[in-house]
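Novice: Sharing a structure below in structure tokens format, with a few things to ask.
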Amino acid sequence: MRIAGVELRSRLILGTGGASNLDILERAIKESGSELVTVSLRRVDTAATMSGGLLDMLDRCGVRVLPNTAGCYTAREAVKVAHLAREAFETPWVKLEVIGDERTLLPDGVELLRAAEELVADGFQVLPYTTDDPILARRLVDAGCAGVMPAGSPIGSGLGVSNPHHLQLIRQSVDLPVILDAGIGTASDAALAMELGCDAVMVASAITRAADPVRMAAAIRHAIEAGWLAARAGRIPRRFHALASTPDEGRPHL
Amino acid sequence: MKVVVNGIPQALPDGATVADAVRAVTSVARGVAVAVNGEVVPRAGWPGAALRDGDQVEVLTAAQGG
């Protein structure tokens, strides 16, 4: 898979949020095979920043960092955080999040597009966390984004892909990477997203908050590979009635 | 001079720079970004960026996030 000219072997993008400690997170990242891992930007003196140990650990894992703008509610705020993230992590890549409200954490499409336009003009490789609206996805691509990250369902909900049809419509209208983001609950959700035509799946809570994050990382890695293969293997059409797989021909007359 | 670094009032000597404010809260420079009164200060500019009384300084780094 290519994002912004960079070849990635893994189609799993891992979010680091929600892990109970760095050791489990490191083992989950290694098990996931992910080469692209998100981080957020917070004040240095909070527990969440783990005294700088997070970046050292990600170095050990050999993964590329994808900064997010989590917690931003306006384009203005998100653009500022993106610029700070570029300073901190020396990467022009950004997972652009502009949230609409606290209860759903769903994207605010108007602010998102505004921020995307500004960041593209500033030389960023923008991967916007968007809704499953195919028209908005196309508008984001037209604005110069490096791909789109439609939500399967609200962040952390574990509800999976709530509108599979819209995801297929996005796939049809966007030639750049489509990365299912948010809502994955377990491996089968990730497999479905890939079967619907996504290029990759972004997972945080489903792995980091699983009872056994390392095992779930392996499960979702396999599911993404399975879904990707299945999407290219040509599934059989759905039928209302049965179609025997064993031939009638040569059936014994008893 | 009094400035606010990450929401906490700090007394810094007159003439203190952004680099001094960063050192006041962390010994690590890698993976750190700074905004003063909401404006990004690029790393190369830290030693030359003089702070003024009342400045709001944000010193930020990587945290877990999805």
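Keep in mind that glycine also has a Cβ here, set from the backbone N, Cα and C atoms.
Predicted automatically and left uncurated, TrEMBL annotations should be read as such.
The model shown is predicted, which means the values in this text are computed figures rather than measured ones.
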Novice: In TrEMBL, A:A182, A:G183, A:A204, A:S205 are given as binding 1-deoxy-D-xylulose 5-phosphate, so which of A:G156, A:G227, A:G234 is in that site too?
Specialist: A:G156
Novice: Give, as a single whole number between 0 and 100, the mean pLDDT over the domain 'Thiazole synthase ThiG' (A:3-247).
Specialist: 95
Novice: Over all pairs within A:G156, A:A182, A:G183, A:A204, A:S205, the annotated 1-deoxy-D-xylulose 5-phosphate binders, what is the largest Cα to Cα distance, rounded to whole Å?
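Specialist: Among the residues the record ties to 1-deoxy-D-xylulose 5-phosphate, max Cα distance equals 9 Å.
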Novice: List only the single closest residue to A:K95 (active site, schiff-base intermediate with DXP), chosen from the binding-site residues A:G156, A:A204, A:S205 by CA-CA distance.
Specialist: A:A204
Novice: Which one of these binding-site residues has the most other Cβ atoms within 10 Å of its own Cβ: A:G156, A:G183?
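Specialist: Of A:G156, A:G183, the one with the most crowded Cβ is A:G183.
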Novice: My understanding is the cutoff is Cβ-Cβ under 8 Å with a sequence separation of 6 or more in the same chain; which residues meet that for A:A204 (1-deoxy-D-xylulose 5-phosphate binding site)?
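Specialist: In sequence order, the residues whose Cβ lies under 8 Å from that of A:A204 (1-deoxy-D-xylulose 5-phosphate binding site) (at least 6 apart) are A:L14, A:G15, A:T16, A:G17, A:G18, A:T38, A:I155, A:G156.
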